[in-house]
């Protein structure tokens, strides 16, 4: 499978469509919650779509507009054009992302990609560019006879296991091939800690490209898995008693080609700006946990005992901390935020991480001393004495923190902020009204 030539202009895309016999192009964007929205246009309509955009009804999209002001258009981004390698080569199908605009030609402020681009502009004003390297984990489950997803395991493998314990290595290989064909640089692919859990790591990149890649990654993983008879789930905690799936986010700032976080003259080899960036993340993380960990199920992962963070602290190597500093230095110096999960909208999550870090640098926010002990072994009193706070315990607590946050409101903009909170409050209200199997198991026979 040969990696396709990267397109940067409309002309590049039109030439590739002709050379590769592409018949349909799936135009895509995400709603406020990060769910992909897509519709196909025939290749003959592509040039006009580049010229005039693709019109759609925004009132039918989560978090967009009311029915009386619903006309919107998608402006295609040629740099995101990719041919889908699992589709037939003859009469091929491609995918392209875009930016959402209003009919008057102004960007739609409710577009998650716009929110991230606005944060990027703030960084550029300070002379910075942001790189991100996410680590996405997922489960592969069996399908039932009707092709619907189950939670039936595909194997009993563990961390770094291989065949026969890892029964999905061929599926991962096919996913790797497809991603590489679509321009990803795959760095590692392996079985994770939990049964049927997997991780595929791709090389870091600039923050907008990486957010696009997260959207593409989930789309590719789900598509290939389904073609192979599996269901790929990015649900944070689909199974009780085993590790959940995270999206650890490694991040760094660059200026004039140099890593801003690296300083060879300090004991930790971390710059003062790196420390302030950490301080900004620690200060604001509770306010935007509802975005990095966006669903009710997210908080079943953020509990002690399963390698997920619970407490707000930082450390050089301590994996019980929220923020870890991997050992690599030089241009590889980075900060790893460990709470995000793959259910998040990457555009919004990365925008908030960047904004929080920038505010830390602007306001010289001190992160305090690193916590180099296992935080889970500390008593409540010891954590209190060290000033270690906890992440929100559930989605309701996260929503309440976000509602009172001037920082998050300014970072997301009024439209996204209000629509996102409305959607999350509805989700929580629906959840709390449902009678869960645990309640029946616990109480039915005794009460």
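Positions of Cβ are set from backbone N, Cα and C atoms, glycine also.
Here's what Swiss-Prot has on this protein:
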DOMAIN    20-105  domain 'GS beta-grasp'
DOMAIN    112-447  domain 'GS catalytic'
BINDING   135, 248, 336  Mg(2+) 1 binding site
BINDING   137, 192, 199  Mg(2+) 2 binding site
BINDING   187, 252, 319, 324  ATP binding site
BINDING   243, 244, 301, 307, 319, 338  L-glutamate binding site
Residue among binding-site residues 248, 301, 319, 324, 338 with least C-beta crowding, 10 angstrom cut-off: 319
Cα distance (Å, whole number) from residue 137 (Mg(2+) 2 binding site) to residue 301 (L-glutamate binding site): 12
Residue 135 (Mg(2+) 1 binding site) and residue 324 (ATP binding site), distance between Cα atoms, whole Å: 14
Distance, residue 307 (L-glutamate binding site) to residue 187 (ATP binding site) (CA atoms, angstrom): 22
Neighbour-count leader, CB within 10 A, binding-site residues: 135, 187: 135
Helix, strand and coil totals (DSSP H, G, I; E, B; other) for the domain 'GS beta-grasp' (20-105): 19 helix, 38 strand, 29 coil
From 135, 137, 244, 307, 336, 338, the binding-site residues whose CA lies within 10 Å of that of residue 252 (ATP binding site): 336
Site with most surrounding Cβ atoms, counting all protein chains shown within 10 Å, from the binding-site residues 307, 336: 336
Shortest C-alpha distance to residue 307 (L-glutamate binding site) - which of the binding-site residues 135, 248, 336: 248
